[in-house]
């Protein structure tokens, strides 16, 4: 079967933003105008199509990235085209900082992105986080300044903030006409026309008009800036422009596209998705400026099993190449079971194919293939390069795995997932639910790599670990709704770490004689602290065979067993290196086990000698508050051992930046609400680990001893 849409007509893009910038509303309008949904879902009614999980509808925030395929034809005349020529695969990503992992996963498989800003708040902390993630994956993007109907909306302030906060060059291509209640439409700077929405058809049609006299000077000024940015992309166009000739409309669009794809600048337009103004120009701009799969550089992968990970195997959007794709999300569907969302980078795939999971080295059979529309699905038999589809029936595939043709294996991407910073103990209310709870937690962990489930070896309790209170709240809620398990949860615990503060040398001898052959091993080791974030390393400096080679893995195993449970309070040990420099063995009584025990006991002694200390996660907190509450809020943050690093005006409020230990931030939202009569808001994300003050460290050790 041939493909319906040529590859240059595909746009795979994500919609990303800070929480409450109106991202989901934007997606909803796109689905409405492209004819995918017949009525508009509103977030504040809990009816948005993209927010399909029950918790998302209740809380009005997006938790999982829903993938949707829809179609659009760029139009000039105020009506939507009958025969759409472009295929849009849209991923709506969450804006809440606890779900950053979802954004990370979707950016890895997108070609472009639309960043939605709140016209009043501008570039907010999570916008910056997402922007940095997009920079890491080199994703070309454009900006839609949304909520231009809001009090305090300021388009040009947002343009300045994009440049100040992200370092990107912002180039407006469409300027809103009016703001707040006066918002009428926008000026298209490329064609120099007004787009106006007035009808009662929910913004589905619009009219074009010449630019009114009162706006001409401003439009000319911004058009000049846009053209200057565009002609920098081409020497001939630059020469023409310097001679007084402006590029025509098709040339201008081509130059703007070239600069956007090269990440030289970011096109910006404004509007209000909620008021149905400015969404069609945004769709046109997606087609004009964001990349098709053909515009993306080759995806370089490495051969499975190559420890060097030499990326010398190329894959590109070409149906004739060998099949390769990336599983970027696992989702449980109540009707179909487990769905694996997959981006196809090269080749084609048919229902019933047997493919290779190159990351795990296992074969998978494709049971069913679906094109997803939020959570409705359309069964398909064949998929092509550039498609984003859902596969049912895969058994061993998890997030970040590469799927490929068996006869031409490749591993494309290794995604990085952050370590959890918060944990809670969880147990089912009835013993009968234990099995159901374990299965449910395992399913949730397969969907979300930033969520871990472990069993506490001493207490036997099940421990849930995640990225924040909201993250764990929602997972407990999903246990109840999706797996029908009522659970009791403990108070949140901080994920402390242990490390050492100075170099130490330790010698430990393990001897055991109990009739017959005994156990004997002696190790001499040097423990050295490393820079924060460097992790752990081990080296053997044994010369002359004082410890035979076959026993050295036992030594490393003993060291690693202490890493999982440090000597102070049983927390994982990080940022240190160990060198094995000498030792002794016995021909009969030595064994791998004896050296493992010697290394373990030696590590425990050595860590005390090396000044073992507790570390705690420090969160980067930003509070945005009306000015009158600033003093009280700063005082409260300081009392939580917070260090205020700065404050600045943000719109008509003040933004306070601060570093605070996570241990002191539990339940902060309630304190903040009561201090500010509900008007302040905050975001926080993990920043680094710091040593715990001695008096608090003593308390923690006493508690966990």
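Glycine residues also receive a Cβ, built from the backbone N, Cα and C atoms like all the rest.
The feature GTP binding site is assigned by Swiss-Prot to 17-24, 92-96, 146-149. For residue 17 (GTP binding site), the number of other Cβ atoms no farther than 10 Å from its own Cβ, over all displayed protein chains, is 29.
Annotation comment: Swiss-Prot describes 8-294 as domain 'tr-type G'. Mean pLDDT of the predicted structure over the domain 'tr-type G' (8-294): 81.
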Where does residue 93 (GTP binding site) sit by DSSP, helix, strand or coil?
coil
List every residue in the same chain as residue 148 (GTP binding site), at least 6 positions away in sequence, whose Cβ is under 8 Å from its Cβ.
119, 155, 176, 179, 180, 183, 270, 271, 272, 277, 278
When DSSP is mapped onto helix/strand/coil, what comes out for residue 148 (GTP binding site)?
coil
